[in-house]
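Structure first, then comments.
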Amino acid sequence: MIVGYRSTIITLSHPKLGNGKTISSNAIFQRSCRVRCSHSTTSSMNGFEDARDRIRESFGKLELSPSSYDTAWVAMVPSRHSLNEPCFPQCLDWIIENQREDGSWGLNPTHPLLLKDSLSSTLACLLALTKWRVGDEQIKRGLGFIETYGWAVDNKDQISPLGFEVIFSSMIKSAEKLDLNLPLNLHLVNLVKCKRDSTIKRNVEYMGEGVGELCDWKEMIKLHQRQNGSLFDSPATTAAALIYHQHDQKCYQYLNSIFQQHKNWVPTMYPTKVHSLLCLVDTLQNLGVHRHFKSEIKKALDEIYRLWQQKNEQIFSNVTHCAMAFRLLRMSYYDVSSDELAEFVDEEHFFATNGKYKSHVEILELHKASQLAIDHEKDDILDKINNWTRAFMEQKLLNNGFIDRMSKKEVELALRKFYTTSHLAENRRYIKSYEENNFKILKAAYRSPNINNKDLLAFSIHDFELCQAQHREELQQLKRWFEDYRLDQLGLAERYIHASYLFGVTVIPEPELSDARLMYAKYVMLLTIVDDHFESFASKDECFNIIELVERWDDYASVGYKSEKVKVFFSVFYKSIEELATIAEIKQGRSVKNHLINLWLELMKLMLMERVEWCSGKTIPSIEEYLYVTSITFCAKLIPLSTQYFLGIKISKDLLESDEICGLWNCSGRVMRILNDLQDSKREQKEVSINLVTLLMKSMSEEEAIMKIKEILEMNRRELLKMVLVQKKGSQLPQLCKDIFWRTSKWAHFTYSQTDGYRIAEEMKNHIDEVFYKPLNH
C-alpha cells in the first residue's frame, strides 16, 4: 500500500481539473520546484536574467549596513599622539552627515520596533560629538529625539539590542561626566541602572564598552583578542579597549583594516565574509532559488569548508557561524564532525562561557544543527544539544518570550524538525515574509544588502510563478493520460490526479526532470490500482492470474483471463508499462523493460503472500521478515528504483542491484512502514491485522513495543540520512539517485507527523492550493 495515500480524503475545487473533486491529502513536498520556461514578454525575461546576474555578483559584495552605534564608539578613540584629538576624525564627519530628520541615528530606514536601537545609537553619537566638541546643532536635535522617545527605554514591546541595559546605562554615566544633560525621566534612568547591575554580574565581555573602566581590559585583551586584533569581531568593543586601555597595536590595526573597505564608517560586525556567505546561502535555499546559483554556492561552501578544516576563528569563535556552517556543510555532503560542537552540549556551561552575550538566534541555529545526527554513538553530542535547546525554546514560546513575530515563527518551524516539514510550502511562506528592509540585531540593528534586496525578492516571486505554471501544465498532461487510459474504469477516481502528482513533485522537484516527475505520478496511480486489486477487489485466483500474465509478459495472450475484471486491469497495466518502458529505453540507450516488469512482479507476489499467508493467520512473520517484505509492498523499492531510469543519468542494472541501493531502499522502506504502523496500530489491533506493534507485543507490553519501534525508526532514519549525505568511498551511485530515497522518507515523515485527520486534510488542501494555484500576492 502506498504510504498514506488514502488515509485522508479532502475536497478541493479547481476549474482546471473539475469542481468539487476530492483528493488524497497525505503527502509532502521535500523541496522546491523551480522552472524557467517561456514568458509572455521578452522584457520580463530579460529582467529575470538581469536580476539573476546581479544576485550572482552579490557573492562578491559581502558587507553589512553602516552602524551608527559602532561608528560612534570608534569616533571616540583618542589619537595615539594626543588624547585631545580623535584618532579617526572621518567617523565624526560621517556622524554629522548621517543624522536622520528626527534627530536620531540608527538603521536607515528604521523600523517601529527599533526605538531602543535608535536611542542607543543616538546617545553613542551624542557622546562622540560632545567629547570632541563638534556638531552643536546635531547634538541639540539628538537630545530632542531622546526627549521625545525616551519612554521606550523600558518598553517591553520594543526589540532590545544585545546588552542594552548595561550599555545604555553606562553611556548615561558617560554623558554625566561630559556635562551632557539628557532629557530622560529619572525613574526610567534608575530602572535601567537596576537592570544593568543585575545583568553585569553575568559574563558580559562582549558588551565591554558598557562596563567601561570597571573592566580589566588588559585581561580582556589577553583572553579574547582574536588574530585579526579585534575583541569578538566587534568594532565598538575593540574601540572601547583603546579608549580605556590605549596600548594595544593589534586593536589599532584591526580598526584601520576596516577603513580599507569602508571610507568613514564601520559595521556592527567585522569581518563579515563568513557571516555574509553563510546567510546568503541559507537565504537562497529558504527562498527555493538556490538551483540557479549552484556554482556560486559550491564555491562559497568550499571556502567555508576550507576554513572549517583550518578551525578558523571566524567560524569557531562565533556560535551562530559554527552551527550554521555545520548544518549547511553536512546537508551539502561535506564531511564535518559533530565533535566541533562539543563545547555547547551543556546549557549552563553555554551561558556561562564564551564571553559573548547569548541571543535566541544562536540557540535557534544550534537546535537546527542538532537535528542532523547521522550516527547514534558519534553524534551523541548533537542529541545533548537538541535536548536542552528544544527545552529552552519551548519554554520561551510558553512564556511568550519573543517580541517580533518572525522570531517566534522561526522557532516554531525549527521545533517541528526539518524532516517533517514541506520545503515547497516553506519556500512560499519565506518569500511572502521576505522583506528587502529586513534587519537583524546584535548590539545594533543591521541589514545585509546582498541578502535582503528587491532583486532577490522579485527574482524569487517570478521564479515561483514560473514553477506554478509548469505544475499546472503537467497536471493537465496527467489528466489527459488518466482519460486516455480510462483509469476510472478500474475504480480510480479523478481525484487521485492531484494526489499522485503531489507525490511526484515531492520527490522530484527539479523542473528539468518533468518526465521523471510524471512517471512517478503515473506509477503512484498504477500502484494504487494494483494495491486495490490485491487487497480486496480481486479474488485470490484473479491475483494469481494477474501474476502469471506479468510473468509471461511477451506471451500474455496464451495465458487467458479468469474474468473480465482481470482483462480490463491487465490491458491498462500493460499499455502503461510499455509506454513508460519505451521512454526509459530512450533515456538509457538500452532496454530496461525486463527490470521494470520484474520489480512489479516482486511487489505483486509479496502482496499476495501478505494476503494469503499473513492476513489469514497461516504464517506469523519474524520482525526482520515483516520489515523486509512490507518495505517492498510499501513501494519503497519499486518506485524509487524505477524512477532512476528517468533522471537523465545513465545507470546500470548492476548498480541498481548493488548493496548500496539495497541499503537505501531498505532503510527508507523501514522508516515509512514504521511510521505507518505507529499511526495505525490502534485501528489494526481492532481489525486483528499484523503490524510491527502487534508482533512485538507477543513478548512485551504495548508501551514497551511502541518505545522499541521508535528506537528502530530513529536508527533507520539516521542510517538513511548517513547513506545519503556521507560520500562512500568507491561509490558510483550519483547523488541525485540517493537523494530520491531521503525525499521519499521525508514525505512519509510529513504525512504521519500529524495524528489529527481533520488537521491533515485542511493543511493539505491549503498546501495544494498554495503550491499549484494561489498567486503569491493572494
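Numbering starts at 1 and runs along the chain as it is shown here.
Cβ coordinates are placed from backbone N, Cα and C, and glycine is handled just like the others.
What Swiss-Prot lists as transit peptide is 1-36, and the listing cites sequence analysis.
Among the features that Swiss-Prot reports, Mg(2+) 1 binding site is placed at D531.
Summarising the annotation, Swiss-Prot assigns Mg(2+) 2 binding site to D531 and lists similarity to another entry as the type of evidence.
Per Swiss-Prot, the feature motif 'DDXXD motif' maps to 531-535. Remote same-chain residues near the motif 'DDXXD motif' (531-535) are listed as 1-2, 490-492, 542-543, 546, 569, 604, 607-608, 611 (criterion: CB distance under 8 Å, separation of at least six residues from the stretch ends).
DSSP assigns N676 (Mg(2+) 3 binding site) to a helical segment in the three-state reduction. If you look up Swiss-Prot, you'll see N676, E684 marked as Mg(2+) 3 binding site.
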Secondary structure content of the motif 'DDXXD motif' (531-535), with strand meaning DSSP E or B: 5 helix, 0 strand, 0 coil
All-chain count of other Cβ atoms within 10 Å of N676 (Mg(2+) 3 binding site): 22
Cβ-Cβ neighbours of D531 (Mg(2+) 1 binding site) (radius 10 Å): 21
Between D531 (Mg(2+) 1 binding site) and N676 (Mg(2+) 3 binding site), the C-alpha gap once rounded to whole angstrom: 16
The motif 'DDXXD motif' (531-535) [mean pLDDT, rounded to integer]: 90
